[in-house]
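Feature annotations, reproduced from TrEMBL:
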DOMAIN    5-115  domain 'Gfo/Idh/MocA-like oxidoreductase N-terminal'
DOMAIN    148-267  domain 'GFO/IDH/MocA-like oxidoreductase'
Amino acid sequence: MTIGLALIGAGLFMQDAHLPGIEASPNIELKAVYSRSLKSASAIATELPLSRYADDAGEGLQQLLERPDIQAVIIALPITKQAHYIRAALAAGKHVLSEKPTAKDVAEAVDLIQWYKAEIAPKGITWAVAENWRYLDTVRYGREQLDRLGKIRQFRTQVYFDCRPGKFKHWRYIALPWRQKPDHQGGIILDIGVHHIAATRYLLGSDRITRVNASVTAFQDALSPADTVDAIFQTESGAQGTFQFSACSSLEQDSGYTVVGANGDIRAKEEVVEVHVDGKEEVKELPLVSMAVVSEVKAWAEALGKGAVPLEQRPEEALADLELIELILKSGAQNGVSQVPQHQKVDV
Ligand SMILES: *[C@@H]1O[C@H](CO)[C@@H](O)[C@H](O)[C@H]1NC(C)=O
């Protein structure tokens, strides 16, 4: 049976990334879109015969959520706005896929998850959180090779880009007002950093981060409140690693994720994975397709057909990512004092 779908939010990322994912999912049919203004609700997917809802039109969110032919929604809105819409859609009995992070902070995420588990999940309504970095082919391939490394000892995440117009390939997303003047904690550290925490955690397999020390700073005025993180992590198994993230660095070529074990290492970059085991090198090239959002939306739609949420999209998984960002920011604010995560154990 086809699942009727609506979009909540009509931004650039919906247009560029989610729409191709929806198109590639045969069991969902896009029927409607809601945005705060009719102008933006009208500007997305102009070639499709969608019903368009807005606060400044005759019919708004309420009317959209009352439609029985719509069973699911994708929510992609500015970070601090999302929780309200997630609650409204779930309460109306719609399945939800909402963009990362789970919520604006750990307290709000825990609250939402508890409410969802107690009130919504028992009715068979699902909530998934989109984190496309867990769908990057290089990250997934890297994780598949993990067992070959033996015991994990070290890891290193390096993410560098120069976040200025003309310098950054994804500048058009950064140019959006809610990103230029963020009302969410950490600004770009949360918004973009959380993707790289997701990849870092994914590449650690079943190991878990148990301690965080970090320095956080701003080298440019362009991005408030900060643009650069250097963090040190420890894991449950005794491994240790670093997380370097800078949105104003010339080192973009060096970006990637490295995991080192007793038998060798895995180095995953944007489009290539190098595996060095027992002195031999293997190189696997994996072109980047639509920032992996097509794979992510397809996985969501397929699971939805079975009434399930993919493991990679559980809200608890996204909470674990969010928590590490929040602790990095806290440690940074306290001159590197270590922080102990409470939400890294994601039950299977
Ligand atoms: C992390 O912070 C704690 C203090 O909270 C300190 O004792 C420890 O040495 C720090 N570790 C590193 C690696 O900086």
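The first residue you see is number 1, and the count goes up from there.
Positions of Cβ are set from backbone N, Cα and C atoms, glycine also.
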Helix, strand and coil counts within the domain 'GFO/IDH/MocA-like oxidoreductase' (148-267) (DSSP): 27 helix, 45 strand, 48 coil
Averaged pLDDT score, the domain 'Gfo/Idh/MocA-like oxidoreductase N-terminal' (5-115): 97
Tally of DSSP helical, extended and coil residues in the domain 'Gfo/Idh/MocA-like oxidoreductase N-terminal' (5-115): 46 helix, 25 strand, 40 coil
